[in-house]
Each structure stands twice: as C-alpha cells, then as structure tokens.
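Participant: Relevant sequence annotations retrieved from Swiss-Prot are reproduced here:
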{"type": "BINDING", "residues": "Ala122, His123, Val124, Glu244", "note": "(6S)-5,6,7,8-tetrahydrofolate binding site"}
{"type": "SITE", "residues": "His227", "note": "site 'Plays an important role in substrate specificity'"}
{"type": "MOD_RES", "residues": "Lys228", "note": "N6-(pyridoxal phosphate)lysine"}
Amino acid sequence: MSQIPKELEKVIELTREQNRWRRTEVINLIASENVMSPLAETVYMSDFMSRYAEGKPYKRYYQGTKYVDEVETLAMQLMNEITNTKFCDLRATSGTIANAAVFRVLANPGEKALIAPVQAGAHVSHTKFGTLGALGIEHIELPYDADKMNVDVDKAIKMIEQIKPKFIVMGGSLYLFPHPVKELAPHAHAVGAKVVYDAAHVYGLITGKAWHNPLEEGADIMTSSTHKTFPGPQGGAVFSNEEEIFKKVADTIFPWFVSNHHLHRLPATAVTALEMKYFGEDYAKQITKNAKAFAEALAAEGFKVIGEHLGYTQSHQVVLDVRNLGGGAKIAKLFEDANIITNKNLLPYDPPSAVKDPSGIRLGVQEMTRFGMKEEEMREIAKLMREVAIDGKDPNEVKKKVIEFRKNYLEVKYTFSVDLSKYSNGKMLPLLI
C-alpha cells in the first residue's frame, strides 16, 4: 500500500498519547495498578506473546515449548522463594480467574462459603454478584465490626461454628487493615472449612515483609494478581504449602478456566520477582511509609480520611470520605481533570445502590512510590488535591502544576541497573512517547 490507513495512524497516535499521558504527566493513585520496570517491559515484548503452551511445564499439549517450560519453571521457583511457599501456579490470567479455580475446587453449587464483609473490602469476585455467584456457591458475609473496620472476630467464630461452610475468604480490594486470619483459621479448620486468602492488593507487601503472610497464619491457599503492590505484568497466581489442595486447583485452572495462559507474562513476572527479591523489602517499606504520610497530609489539608482512630492505614491504600465535597463521582472527575487519577469507591456505610456515585475515593501510593516518591512528595500531592477538591481551583490550572511535578519522577526505581541495549539485538520495542 502506498498510503497508511487513517485508522492505523489513529491507533498509533492513541497508543502514543496513552503512554505520554499516563506514564509521564499524571499522578496515578489507582490502588490496583502499578508500572513494570523497563527491564520487565523488555522481556514482556517477545515471541512468547504469539505462542501457546497448554498444560504444565514439560507436560504440554503443543510442541515448541522448551523455552516456555524453562522460563515458567524459573518464574514459579522465584515466586515461591519470595513468598516462602512450596507450590505456585502462574497460569491464571487474573486474580479473579485464580479465585474461580480455587472456589470451584472447594465447594459445589449450593454449598456455603463465608466471605469477609463487603464493608471490610471484599472483592466482587467473592460475592454473589461475581465469581461465587457464577459458580452457584452461596456466599454469606462474616459479621462486621464498624469501629475496627474489620471482621468481628467473636461473632465470626460463632458463625463459622454454626454454618460450617466449605471455605472462608479473607483479603479484599478496599483494604486498609489486615483481616484476622490467625484468629479465624483454627475455627474454620475445626469444622472442616478451608481458608482462602485473596492477596491481590497486598502481595507485594507480603513479599516485602511489610504485611503478614497469611499462609504462615493458617490460610490453606492464597490467590493473587501480579500487578498491584507486586509491580509485574497483569496476571494471576495461586500459592499453597499443601500439595493435595494445590494439585486439585492446578488441575482446575487448566482446562476449566484457562487454555493458553498468555506466555509473555512469564519472563516479565520472573524479572519482577527478582526485583522484589533484591529490592522488595525497601519498596514495600516505603509504600507503607508513604501511605501513612499521605493519609496524615490529606487530613491536615482538610480531607476526611477514613480510619483516623486506627492510624488511617497499614497497607498501600488511603480512603477519603468526600460526601461533603459532592461525592465520589464528582471528585474523581475533578481530580482526573487535574491529571490526578483516582477511583470513586463505596465506603463501609454506603448502600450497594450508591455504586455509581459513592461516598468515597480510594487511593494507592504504590506506583508513585515506584517512581521514587517519598513522604515529602506525598505531602505535595495532598496540597494539589486540596486545591482541586476543597479550594475549588480550576483543575486545568492545577494540571499544569501536576505535569511539572511529574517531570522529576519519570525513572522507575527498585530495579536493576542494566544496559538494555546489550540484550535487545536491535529489536527492542520501546514505548511510543
């Protein structure tokens, strides 16, 4: 063709604009996102993305998988090492798919599961509106302690003993404080129930020793995604120290929920696991320090920050109640207009019907921490947010400040210093910026 189609030009331009905007010009505070290192991105862009490898390493249904087998095995070994586990499966293509495989193994349709209450942050996949519901498993919420913003342990123990569920689920997506795994696991096991922990949001904190390891506190199996506080490619993972239950889940991931498992994730996951092996503790420690400093700064700037009486947060997340400022939908849009990216979120006291315009804003500091920001930068961000939401300044004027602010934080930290050109063979595919 002598002319490039206009649609092709459009696709390239949209990609370029996305990379420029989200990678270099915004303060990204989405709690479920992160950024890979250039090293991980380099191995992510590979021939693996075009290939299939159904089954397990060295037991495939396709030929041509010898390098897939090696890199997948290495990635699982590294993930087990940093998680202090015996068994890992990386074939789930998301945390929700990992949950689906685990739930399918542990209960049949019509049987009961107890989940952490929605007010305490249960993910939609734990509920009747998500994966549990799709599998026909009856979900019952554990009692909620509003003062502690967590599961009510005493009432939960009684419920476990009374209902005798097939399994209980802890972990969540609005997740400021650890759920009581150690306190509830013995009572679950006493009635024959398994304990599932969804670590999607806090997996990087677990591997960085800034959060409790649920498998060391009584959880039987742990699911996760690989792209939140663990800054790898989007994907899922399953971990356990119990061979019998793990084997059943692994045999369910394929062929029940995954055929090909997006092989280009594997080398990038391995690279990220190595980064977290060597730099993860410093990274996780800084995340939690930043979250605490951010919460305190936001409160000082006049925001209503959830959980003040509990120290605001122990995770990467900070949560605002913005009802007095117009509600979550309005404030999230104002922040976006100023290049501060957040998400509106239901708060513990919101009814489910408020999902389109909830009371809250959920924030996460993990990506900005990866770009080298520390406590002082958190205080600067809090001031910018005040200008938009409380002072009522023009978001376009604040946006100029945000873009200028980000110019000093474009390099990914907590990674290896590597000359990528040595490994590219002239075929590296850089980001279009």
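Just so it is clear, glycine is given a Cβ too, placed from its N, Cα and C backbone atoms.
Just so it is clear, the model here is predicted, and its values are computed rather than measured.
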Participant: If the (6S)-5,6,7,8-tetrahydrofolate binders are Ala122, His123, Val124, Glu244 per the record, what's the largest distance between their Cα atoms, in Å?
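Facilitator: Of all Cα pairs among the recorded (6S)-5,6,7,8-tetrahydrofolate binders, the widest measures 27 Å.
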Participant: Determine the Cβ neighbour count for the residue listed as 'N6-(pyridoxal phosphate)lysine': the number of other Cβ atoms within 10 Å of its Cβ.
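Facilitator: Counting Cβ neighbours of the residue listed as 'N6-(pyridoxal phosphate)lysine' within 10 Å gives 27.
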Participant: So how many other Cβ atoms are close to Val124 ((6S)-5,6,7,8-tetrahydrofolate binding site), meaning within 10 Å of its Cβ?
Facilitator: 14
Participant: Pop the Cα-Cα gap between the residue listed as 'N6-(pyridoxal phosphate)lysine' and His123 ((6S)-5,6,7,8-tetrahydrofolate binding site) into the table, whole Å please.
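Facilitator: Between the alpha carbons of His123 ((6S)-5,6,7,8-tetrahydrofolate binding site) and the residue listed as 'N6-(pyridoxal phosphate)lysine' there are 14 Å.
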Participant: Please report the distance from the Cα of Glu244 ((6S)-5,6,7,8-tetrahydrofolate binding site) to the Cα of the residue listed as 'N6-(pyridoxal phosphate)lysine', rounded to the nearest angstrom.
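Facilitator: Rounded to a whole number, the Cα-Cα distance is 29 Å.
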Participant: Please report the distance from the Cα of the residue listed as 'N6-(pyridoxal phosphate)lysine' to the Cα of Ala122 ((6S)-5,6,7,8-tetrahydrofolate binding site), rounded to the nearest angstrom.
Facilitator: 16
Participant: Does anything in the same chain, at least 6 positions from His227 (site 'Plays an important role in substrate specificity'), have a Cβ under 8 Å from its Cβ, and if so what?
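Facilitator: Correct list: Ser32, Glu33, Asn34, Pro233, Gln234, Gly235.
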Participant: Near Ala122 ((6S)-5,6,7,8-tetrahydrofolate binding site), which residues of its chain come within a Cβ-Cβ distance under 8 Å, counting only those 6 or more away in sequence?
Facilitator: Ile115, Ala116, Glu141, Val169, Gly172, Ser173
Participant: Let me know the DSSP-derived helix, strand or coil state of Ala122 ((6S)-5,6,7,8-tetrahydrofolate binding site), please.
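Facilitator: Its secondary structure by DSSP: coil.
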Participant: Tell me, if you would, which residue among His123, Glu244 (binding-site residues) has the fewest other CB atoms within 10 Å in the structure shown?
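Facilitator: Across His123, Glu244, these binding-site residues, the one with fewest Cβ atoms within 10 Å is Glu244.
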